[in-house]
Structures are given as structure tokens and as C-alpha cells.
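A short write-up of the structure that comes next.
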Amino acid sequence: MGRFALLLLLAFASFQALCFAADDDTVFYDSFDEPFDGRWIVSDKDDYKGVWKHSKSEGHDDYGLLVIEKARKYAIVKELNEPVSLKDGSTVLQFETRFQNGLECGGAYLKYLRPQEAGWKAKEFDNESPYSIMFGPDKCGATNKVHFILKHKNPKSGEYVEHHLKYPPSVPSDKLTHVYTAILKPDNEVRILIDGEEKKKANFLSADDFEPPLIPAKTIPDPDDKKPEDWDERAKIPDPNAVKPDDWDEDAPMEIEDEEAVKPEGWLDDEPEEIDDPEATKPEDWDDEEDGEWEAPKIDNPKCETAPGCGEWKRPMKMNPAYKGKWSAPLIDNPNYKGIWKPQEIPNPDYFELDKPDFEPIAAVGIEIWTMQDGILFDNILIAKNDKVAESYRETTWKPKFEVEKEKQKAEDESTDSDGLSAVQKKVFDVLYKVADIPFLSEYKLQILDLIEKAEKQPNITIGVIVSILVIMLTVLFRLLFGGKKQPKVEKKPEVAETSNNQSTSGEKAEEEEKEEEKEGTAAPRRRRRDT
């Protein structure tokens, strides 16, 4: 019994030791369970008018630091009790962020600032404030990456240079909470994790991993070296002894008429390919003096749809077997070829050796961003000296939230409305309706709308409808690019619906609005150019 009690005491002591070790390894942590006022300092600089809010993460009771206004610059900073050295052992930088309204253009990265002796004040925190590391997601336009930037002092020049991680991971494109982790190891390795999964591993001293590299090249091209005038870089040259064959006809055309072709049976010689739209009417506001003589827009001749073709039949063209094109002498190896000229290499006067990066300590954590988005939430900002601590926080603070959000998102994607459409399909149809309103597709608007309506009734043919609309778009683009006739806009005769005498005012208004929409949906008729 005594031995069991001793073992239990030792086990408890070991557990306490592990807990204290974890506490010792946690340098800084803010869960934002309490309001940030008094702990974080908002910049007073004029450019930074974005308002921060202590707010719950959507769908959770967990609080965070929320960006609540669009098209603003934001700056807020938290000074640490003591600067953190990045030269001693491992250092882990971790935080959570969530784009509650999605992300189209905005950053959600953190800056880990140098001590204030470097020349900055908390109330004046801005994009010029000196930092050691910048880390986190950023997406806008062509930019889509998780930044990792080390600001390193050049030992020769004394200047601080930004060294960007090459080929960083991209930003998850959803509205879920994600956790970003950067692990700086004592062997010069840095690992970037998203949601606990390693997305990038790099070496601080490798020229393949950072741009510009921390260690300059040993040699550089001699700026004073010039290419000799007689240096020949042509690997191949035309054979000077080659002669054009006597039977080479340079004037033979590439294509000729196919004399063996026969006009298809049923070809309608007297029918035009296009006819005036019989349903088109001259607009009431058309001014012949101002707009010229009105012409009905053209439509495809319906008689041609069932015939092999309409109009004057011409023999098709085929490749000319006698065509050879312009003659040119064949290429031979250049006997004077010396290769591609490069200046000779000389020792780089700016070269220096480096065993480890000369990391500057971290004295504060700041968020300094410009964003067109609102709804960006920051939470659970951590600096630790042990990656196991970061892993523990991911398991206890991030993962439960993420699992709830993921299940909710899955349910929304799988949910259907009364028409049997999933949330994803509804978004697709919203986009397709916008496509139908594109001006250069006006001729095909009714056809496109008909396809969309069929797909809404039969969701299983959605993909086929998308393909059909893409074919229409490509056809129109082809006609525009290669001389096709741009179709005029069409003025349709309005269809008058039968109404009862006791129809309500709101019903009449709805009918008027429907006519207006129909009027806007149809295109204007073609105008004839007037002679001047």
C-alpha cells in the first residue's frame, strides 16, 4: 500500500512538472475572453480609422478581436512584458483568424515588433514600425499567400532587409476558423502549418527558400566586362551553299477550291441565311432624323435550320498539295559559334558568412492591415518556446470550433430548398442569371434563361447547362473576333396578359414592373449608319 502511494505521489509530481513546463514555455497568450481595452493599444495615426470590436465568433461563445468596417486601415498593438529572444531554442508563433464574410481583398497577418529602442511608439504604430517577423494570410487580386517575412540586419551595410519566404502556401478560401503556425527551429529551419498540417518547410540560410537570400552570392557578374564585338552566339546559321530547287513554286496558294465537291441536295439557293425579325417593331422614341432609317434586326432564317444550307453555294476550299511556301536555306551548325556570352564572375564585395540568422527580439505583437473586407476575427494569439504547447492549444481552442463550423457548412451545402436545389447550385444559378445579362449575349438571353429554368426544374442537368452556356459564349466570341456579324438588339412586341376587373393595385404594379424588366431584358434594335 505504501509503495502504491509513493508511485501515485511521483506520478502527480511528474504531472505538475509537465504543467509548469508548459506554463514556462508559454511566453505570451491572449484568448480575448476579456475586452482588449487597456491591454491592447489602438494606433492614433490619422490613416488608421478602422474600429476594433471585442466580439463573439459567429456561432460560438468564444470571443475574439473583430474588424467591423470595410475599406479601412487598422492598427493595434500589444507590448510584451519582456522581449522574446528568437536565438534561444525553438520559437512558435501561432494565431487563429476567421473571415466570417469570406475574403476577396484583405490581409490578416501579424507583425512581431522589435523593441521600442528601434524607434516606434505604441500610439503611433503604423506600417513603418520596425518588426522582426511578419506572418499570416493575405489575399487580394493576384496575391494569395500566407506571408512569412523576416526583417534581417545586413552585417556589412547595417541595413534591415525584408526576406520573403519563396512559394508560400495559399490562403484557405472559406469562412471557417483557421489556425496559422510558424515554428522557428534552432537548426535554421522554419515550418509553416495551417490547421496543424505542415504546408511549407524552409531553411533560413538557403537561397532556394528566401528572396532575397540572407547570405549573398559569393561571386557576381563583373559589371565592367563587355561582350567582344566578334562574339557569335548563333548556334545555327542558313547554309550558304544551299540553292532553291527549280521546281519550288513560292507563289502557289495554300488553299484551292475542291473541284470534286458537289452541292448538297436540298440546298436553298434563293433563301437568305438571315431575315428580318417579324416580331420586331420600331420603337416609339425612334427619331428617323436623329437615328437614321430604322431597320428590323436580323434573325437566323428558320427555313435554313432543316436544310443543308442557304444562299449561294460555293465549293469549299482544301489544302493545295503543290503549296510549299517561301523557300529558305536549311540551317547548319555555325562553325563560329562560341556559346551564349556571359560576363565573367568576380568576388562579391558584399558577401558575408552566416551560421545563423541574427534574429532581432520580439517586444510586441501588432496587427497592421488595410482591408476591403469586414468580419475578420483574430483569436488565441500565442508565442511559445515549445511546439507541443502550440499543438495543445490547437486541440483545445481551435479544433472544437473548427469541427462545429465544418459540420454546419457541410449541412448548408447539402441542404435543399423547395425546388430541390442545393446551396451550391443556387449560387451557380445566381451567377448564370448574371451571365445572361451580359450585353454581348443579348441575342441569346432568352435561350440562356430557358436553359437555366430547365436546370432549376431538373438539378441533375446543371453541369450540362453550364457547358451549353459556355458553348454559346465561345460561339459569340468567335464570331466577334473573326469577323462575325454582331447581332443587333431586339425590340419584342409586348405580350399583354389578361387581367380581371377587380385586380389589386399591387398586382397592376407587379405587371408593370414585369413589363419594365422585359423591356430591359430585350436589346435595342439595330441602327443604320447615316451618310454624312
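Backbone N, Cα and C atoms are what each Cβ position is placed from, and that goes for glycine too.
Residues or ranges marked as signal peptide by TrEMBL: 1-21. TrEMBL lists C105-C140 with the feature disulfide bond. What TrEMBL lists as region 'Disordered' is 204-301, 488-532. Annotation source TrEMBL lists compositional bias 'Basic and acidic residues' at 221-237. The compositional bias 'Acidic residues' annotation in TrEMBL covers 247-260, 267-278, 285-294, 510-519. Under the heading transmembrane segment, TrEMBL lists 461-482. Sequence annotations record features per position, and here TrEMBL assigns compositional bias 'Polar residues' to 498-507.
In the structure as shown, the Cβ atom of C140 (disulfide bond) sits within 10 Å of 15 other Cβ atoms.
Across the compositional bias 'Acidic residues' (267-278), the DSSP tally of helix, strand and coil residues reads 0 helix, 4 strand, 8 coil. Helix first, then strand, then coil: DSSP counts for the region 'Disordered' (204-301) stand at 4 helix, 20 strand, 74 coil.
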